[in-house]
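**Q** Pasting in a structure now, in structure tokens, and then I'll have a few things to ask.
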Amino acid sequence: MSGGSSCSQTPSRAIPATRRVVLGDGVQLPPGDYSTTPGGTLFSTTPGGTRIIYDRKFLMECRNSPVTKTPPRDLPTIPGVTSPSSDEPPMEASQSHLRNSPEDKRAGGEESQFEMDI
């Protein structure tokens, strides 16, 4: 059995230099998924431990990109979440809410979970 092992080498590349970004006090920071260094650099960490370092100019360009203003395809319609909610609730929902008051439930034989005699 001749098991010739073929080993291929990948070309080496230089590690990209990190740039520090100083954020002004008036700039809102991104969500809590990101971390900052004392110098103001934004970074996140992948589950494998790789650090992804973001530069402020790139983030600001992404923020104003037309892609960020375009919703994803096949997004379900969820009022108030993926589409604006209507100003007035439907009449049936508001009337059913009034009919299902706590007093009606107790009268129907359903008691509260915690009952206490003082």
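Each Cβ is built from the backbone N, Cα and C atoms, and glycine gets one as well.
Marked as ubiquitin cross-link by Swiss-Prot: K57. Look at Swiss-Prot and you will find S2 tagged as N-acetylserine. Look at Swiss-Prot and you will find T37, T41, T46, T50, T70, T77 tagged as phosphothreonine. The feature region 'Disordered' is assigned by Swiss-Prot to 1-20, 25-48, 64-118.
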**Q** Between T46 (phosphothreonine) and the residue listed as 'ubiquitin cross-link', what is the CA-CA distance rounded to a whole number of Å?
**A** 22
**Q** Expressed to the nearest Å, what is the distance separating T70 (phosphothreonine) and T50 (phosphothreonine) at their Cα atoms?
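**A** That comes out at 29 Å between the alpha carbons.
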**Q** Determine, to the nearest whole angstrom, how far the Cα atom of T50 (phosphothreonine) is from the Cα atom of T41 (phosphothreonine).
**A** 15
